[in-house]
C-alpha cells in the first residue's frame, strides 16, 4: 500500500494506509519512486489515490532488445546478472527457486529498500541538514501543497503524528523516529491513529468494520466497470483475513504490523500461477530471463540496475547505469 515512495495517480485503495497512509496523502513532492510498480501505490479515496496494481505484477512479455532499452543495459549484462541473482535466491542450491525461497528473498528486498527509503526521505525532509527534522520541516514537506480549506486539519494530523513519534520529547525527530513515522505498525500509538483514520474514511455505519460495499463505495470515483469492481472485491478479500465479509480492527492491526507480508502474498500468487508446481528451475530462469528480470524477484528490475540501494544485501555486481543528478523518481522510473 502506499509508502512515501509512491507517486499518486488516479484512484485509491485500502493498501496505502498500511505503510504510511496519512503521510502519503500529505506529501507535497515524492522524491522516492522505487516502489512505484506494485509497492504500495495505494491510498484511501477520502484522501488521494492510486489504482491497485497487483495485477501488473505478473511477468510481462518483453524481448531481450526491449528489456535492454528499458534498463539502459546490454542483454549480455542483464543475463549474467540474472544468473548471479538466481544463485543468491536459491539458498539450498538445488537449482530450483521454490515458493518459500521466493517469499524469503522478496521480504529481504523489501526490508532493504525500506531502509533506503527512510534514509532518502529523512534527507529530503531535513531542509537545513542539521540531522534532525522539526515540525515546521515536516509540515513544509507534507502540508504546503494542500487546499487551504484543508490546511489546518492536515496540520493537526501531521502535528499529532510528530508528537507521537517524538519519543524523547525534544521537539525534533531523528532518523530512528522518522523510521517509526514511515512504519506505523511498529508503534502502538501511531497504529491507533492509522486505524481510527481508516475507519473514519471507510466505516460508513459506525460499527468499526469495513464491509465490501463500504470499501467499494469509498474506493470508487465515478462509475466502476465490471473489471474494476472485480479487482476491488478481490483486493477486499485479501484484507478480510477471516473471510467473514468485513475488515475489522484486528485485521487492520495485523496488516499494518506487517504490510510487506500481505503484498508479497498477493505478488507471489501472480508470480507462481504460470509456473509448474510454483517453482522455477535454473534452465527456465535462463531461457526466460527477460520475463523474470522484471518480476517480484528483481523488484521489477531495480535490483539489476541499482543493487547498492538494497542495504545489507551483498550482490556480485554494481550499479550499471550512470547515476546522473536527478530526482529518485527519474532514477527509479517504472519499467
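Residue 1 is the first one shown; counting continues down the chain.
Quick reminder: no glycine exception, Cβ is built from N, Cα and C everywhere.
Range with Swiss-Prot annotation transmembrane segment, chosen from 9-29, 30-50, is 30-50. The Ca(2+) 4 site recorded in Swiss-Prot comprises 240, 242, 244 together with one of 233, 251, namely 251.
Neighbour list (residue 126 (Ca(2+) 1 binding site), Cβ cut-off 8 Å, at least 6 residues apart, same chain): 132, 133, 137. For residue 205 (Ca(2+) 3 binding site), the same-chain residues that are 6 or more apart in sequence and have a Cβ closer than 8 Å to its Cβ are 214. Distance from the CA of residue 203 (Ca(2+) 3 binding site) to the CA of residue 130 (Ca(2+) 1 binding site) is 42 Å. Across the structure, residue 128 (Ca(2+) 1 binding site) and residue 203 (Ca(2+) 3 binding site) are spaced 41 Å apart at their Cα atoms. Taken together, the residues in the domain 'EF-hand 3' (190-225) have a mean pLDDT of 88 on the 0 to 100 scale. The binding-site residues under consideration are 130, 203. Their Cβ neighbour counts within 10 Å are lowest for 130. Annotation for residue 209 (Ca(2+) 3 binding site): spatial neighbours 203, 246, 247, 248, 249, criterion Cβ-Cβ under 8 Å with sequence separation of six or more.
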